[in-house]
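> Below are the structure tokens for one structure; questions will follow.
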Amino acid sequence: MDQFIDVVSFEIEAGHGGAGSVSFRREAHVPMGGPDGGNGGDGGDVIVRVDARINSFGKIKSRKRFRARDGEPGRARLSDGKRGDDVVIRVPIGTVVYDEDTNNILADLLEDGQSYTVARGGKGGKGNKFYATATNQAPDYAQHGLDGEKLNIRLEVKLIADIGLVGMPNTGKSSLLARLTRANPKIASYPFTTLTPNLGVCYLDYERSFVIADIPGIIEGASEGAGLGLTFLRHIERTGALCFVIDLTDEDVADTYKKLRNELKQYSKELIKKKSIIVLNKTDMLEKDEIKAKVKAIEKAVKKEYKNNKETHYEEPEIFALSVFSLDGDMLDKVTNAFYKANEERYDNTKKETKEPLLLNQNKTKSKLKTKRVFGPVVSKRLGNSLGIDVIPHKTCSYNCIYCQLGSEENTKTSLANYYSVDEIIYELKEALLNNKNIDYITFAGSGEPTLYKDLKKLIYEIKQITDIPVCIITNGSLLYKQEMRSDLLIADLVIPSLDAGNMDTFKLIDQPNKEIDFDKMVNGLIEFRRVFKGEYWLEVFLLKDINDSKEELDDIIKIVNKIKPDRVQLVTATRRTSNEKAKALNDEEMEKAKKYFEANCSIEIDVPSVSDKAKGNTKKITEEDIINFLIRQPDTVHMIAISFNEDESRVSELLKKLVESGKVREEIVNGVLSYAVNI
């Protein structure tokens, strides 16, 4: 087992930009070839990234310095230098990044996959081609690359837990942790058995659980560095509540309690403001009268302290006298419920914080329109009457695809978050199911990448408790390389990932992925998920004219398709507005030609989806609210809105006219076509 190291310091330096090239075109019969020097590549970044599989800095403790690679210099024939490779420092959940020189906090990393760029690489220099002008057609100079950022950082990990077990050495904290959770800390009858913090999860039922942290024993003077306390006191800063574990065999249990609280107060006054519980352990070693007397003594001490220091208490702590080794039945239930109750306010606040408003543009202006997480049903080309669930704020995605109808968003993400509460979504879904019949699928789609929703598995589970309608996840597949993500999606009935390219260059051109997403890793995730998933697996291939529709590009895609072996391949193209004018649709003839090429080269069902007959049976009358909830996720034309709701274009035009007049919707000309979008 790696040694638990919770503080490390490093010198950090990003890569320097590569120099631009001074070069001139030299070819036979081209005497005035002109400058053709390429630009230098940008230097690599230094990135700190959370990895849930790591619990300390043990693997990097001996490092003194991290430096990213420099960008390569430009070359002749307008060839740009390669970007320098990034350096990624993998850290545990709960890592705080400090500027070592100023002690300022640079980042607080709380979620698996979350990243922070501590030093950015220098920009590459311009080649001499860049400096050519009408008066100087042969510049003999180029730009040097810029230096990368450089600084000293300190990393500290602070464990994230709901309950922190606090006590003197050898009071039974580790035994209590082991009894309440599946943690397996070292347990023995001598002081300082626990030399590192231990974590365990206590499950009350499917929905309710909490994390317990066992902190090494605290002795008097710990806040000043005595014993092991100072080293690990930081780990209870993030806990929601504290449990003071006190040995009933101590001569003066009230004095022990006072000493523990005093050490916490000396370290940080915020610690003693936390809710608390008191567990008096080792009742099996005393007579009933002794136990009763000591419980009364500590009750008296608690009441006195609470009376004199109300501003530092939420409320008087509950007190439990027990023996950890015989903890079961009613007493076990009482203790676990007390632990959970101590954090209820924290859980409620978390839910409130995660109910973020829908965001519709890059500057994150709040929408004044009320939008729902459940929308439709809409007529889907692939899924018939589809009731949509949108768990992601506008344009929150791991890709910035050039064909996205929502517009461009360079701030891509890979970290997961709970943007909306599961209860809120389930409430809306129940209401929608009462008002809509003949639903073919409940589909996760809409404003962004649904796998960025942290509680996706739980939400799918809750949906399956209220309906037998199959659940579909439409995903770009970018996060399927993560084992935990593949596990979360196993409960779905149908998963439709996308594959827009068969090689790295085209992948970057079309999907413009977050820099954490590697093409080969993404493809391997698609293959591995197919291996373990027992439901229906359809693969979407998005074809764009003059980008990925050539024989060579199709061959690259087909090669990967044959490795994945999906149940079906669906070929689609840009039938709606796009965020980039380069994203051009194939016509019907070209799509049919591509379909036949796929069919000739892979033994998988190939489909070019159109509106299904079953979907055309939808007779729900469209409302202004339906249009708003549709356009906020998918700006579109009158024709496509009418198709999506199986509605007359005249009816759609009439409603859109009212919405435009009210200022809720605006008209836009995109790529020469009139479309409609929601106003902020």
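Keep in mind that glycine also has a Cβ here, set from the backbone N, Cα and C atoms.
Straight from Swiss-Prot, here's the annotation block:
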type    : residues                                    : note
DOMAIN  : 2-160                                       : domain 'Obg'
DOMAIN  : 161-336                                     : domain 'OBG-type G'
BINDING : 167-174, 192-196, 214-217, 281-284, 317-319 : GTP binding site
BINDING : Ser174, Thr194                              : Mg(2+) binding site
REGION  : 371-680                                     : region 'Radical SAM domain'
DOMAIN  : 383-613                                     : domain 'Radical SAM core'
BINDING : Cys397, Cys401, Cys404                      : [4Fe-4S] cluster binding site
> Select the closest residue to Lys282 (GTP binding site) from the following binding-site residues, measuring between CA atoms: Ser174, Cys397, Cys401, Cys404.
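Closest by Cα distance to Lys282 (GTP binding site) among the binding-site residues Ser174, Cys397, Cys401, Cys404: Ser174.
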> Please identify, among the binding-site residues Cys397, Cys401, Cys404, the one with the smallest Cα-Cα distance to Lys173 (GTP binding site).
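Given the candidates Cys397, Cys401, Cys404, the nearest one is Cys397.
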> Whose Cβ, among the binding-site residues Asn170, Ser174, has more other Cβ atoms within 10 Å than any of the rest?
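That would be Ser174, with the most Cβ atoms nearby.
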> Between Ser174 (Mg(2+) binding site) and Pro317 (GTP binding site), how many Å separate their Cα atoms?
21
> Which one of these binding-site residues has the most other Cβ atoms within 10 Å of its own Cβ: Lys173, Lys282?
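Counting every other Cβ within 10 Å of each candidate, the maximum falls on Lys173.
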> If one measures from the C-alpha of Cys404 ([4Fe-4S] cluster binding site) to the C-alpha of Pro216 (GTP binding site), what distance in angstrom results, rounded to a whole number?
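Here the two Cα atoms lie 52 Å apart.
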> Could you say whether, by DSSP, Cys404 ([4Fe-4S] cluster binding site) belongs to a helix, a strand or a coil region?
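Reduced to three states, the DSSP call for Cys404 ([4Fe-4S] cluster binding site) is coil.
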> Measuring Cα to Cα, how many angstrom lie between Cys401 ([4Fe-4S] cluster binding site) and Pro216 (GTP binding site)?
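Taking the Cα atoms only, Cys401 ([4Fe-4S] cluster binding site) lies 49 Å from Pro216 (GTP binding site).
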> Which whole-number value in Å describes the distance between the Cα atoms of Pro216 (GTP binding site) and Cys397 ([4Fe-4S] cluster binding site)?
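Here the two Cα atoms are 41 Å apart.
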> If you draw a 10 Å sphere on the Cβ of Pro317 (GTP binding site), how many other Cβ atoms land inside?
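That number is 22.
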> Work out how many Å separate Pro317 (GTP binding site) and Cys397 ([4Fe-4S] cluster binding site) at their Cα atoms, rounded off.
44
> Sorted by position, what residues of the same chain at least six away from Cys397 ([4Fe-4S] cluster binding site) have a C-beta under 8 A from it?
Cys404, Glu409, Thr412, Lys413, Gly448, Glu449, Leu452, Asn476
